[in-house]
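Asks: Handing you a structure now.
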Amino acid sequence: MSNVVVIAVVLIVASLTGHVSAQMDMSPSSGPSGAPDCMANLMNMTGCLSYVTVGEGGGAAKPDKTCCPALAGLVESSPQCLCYLLSGDMAAQLGIKIDKAKALKLPGVCGVITPDPSLCSLFGIPVGAPVAMGDEGASPAYAPGSMSGAESPGGFGSGPSASRGSDAPSSAPYSLFLNLIIFPLAFAFYIFC
């Protein structure tokens with residue numbers, strides 16, 4: 001009888017693990033479905049870190065030569081990822097402190113036109129208002145008309161990433177992997193115990 005109880009508990013835990021991980025992927029606090037793609041996109045912008053970070057390794061007067069092309073590519077392919085950069089949440093997860101004032105100056109310094117940061121609130125990512133630009137004379141290159149009120153948040157980015165709801169990573173492979181491990185272990189435990 002105890003073997004049946006153990007197997008039942010293992011099966012319930014395995015089922016709940018898949019259900020909980022699926023719920024975590026869909027929780028509003030994790031952001032839009034494109035959020036996981038943003039981490040990879042933001043990693044391409046490491047050349048900008050010396051300019052936009054605070055503390056050791058940061059505070060450069062101008063961005064590295066790889067920064068501006070990376071920013072232009074990010075704006076073209078996944079402009080919503082800029083919201084994650086400006087919010088500082090992803091950087092904080094990596095232990096990086098972003099100077100929001102310099103991050104907001106970056107498009108002007110690079111000569112890249114970006115959507116207005118206030119549009120990030122449409123994704124549920126508040127980034128605050130743009131700050132006054134310093135004496136560098138670089139103003140933010142925002143395209144305030146880049147999204148009319150009639151457009152949905154999916155229209156924020158015209159690139160492929162904005163319409164890839166179906167490409168968002170899911171918990172299915174993780175759940176399948178867990179189930180492929182737990183079920184044979186439970187079966188072996190039942191047979192040998």
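Quick reminder: no glycine exception, Cβ is built from N, Cα and C everywhere.
Relevant sequence annotations retrieved from Swiss-Prot are reproduced here:
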type     : residues     : note
SIGNAL   : 1-22         : signal peptide
DISULFID : CYS38-CYS83  : disulfide bond
CARBOHYD : ASN44        : N-linked glycosylation site
DISULFID : CYS48-CYS67  : disulfide bond
DISULFID : CYS68-CYS110 : disulfide bond
DISULFID : CYS81-CYS120 : disulfide bond
REGION   : 143-164      : region 'Disordered'
LIPID    : GLY165       : GPI-anchor amidated glycine
Asks: Compute the C-alpha separation of CYS83 (disulfide bond) from CYS48 (disulfide bond), stating it in Å without decimals.
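Replies: Their Cα atoms are separated by 15 Å.
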Asks: Quick one: Cα separation, ASN44 (N-linked glycosylation site) versus CYS68 (disulfide bond), in Å?
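Replies: So the Cα of CYS68 (disulfide bond) lies 11 Å away from that of ASN44 (N-linked glycosylation site).
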Asks: For each of the disulfide-bonded residues (CYS38, CYS48, CYS110), count the other CB atoms lying within 10 A of its CB, then report the residue with the highest count.
Replies: CYS48
Asks: Measure the Cβ-based neighbour count of CYS81 (disulfide bond), defined as the other Cβ atoms within 10 Å of its Cβ.
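Replies: Total other Cβ atoms inside 10 Å, all chains included: 25.
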Asks: Name the secondary structure element type, per DSSP in three states, that contains ASN44 (N-linked glycosylation site).
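Replies: Looking at the DSSP assignment, ASN44 (N-linked glycosylation site) belongs to neither helix nor strand, so coil.
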Asks: Work through the disulfide-bonded residues one by one (CYS67, CYS68, CYS83, CYS120) and point out the residue whose CB has the fewest other CB atoms within 10 angstroms.
Replies: CYS68
Asks: Given CYS38 (disulfide bond) and CYS48 (disulfide bond), what distance in Å do their CA atoms have, once rounded to a whole number?
Replies: 15
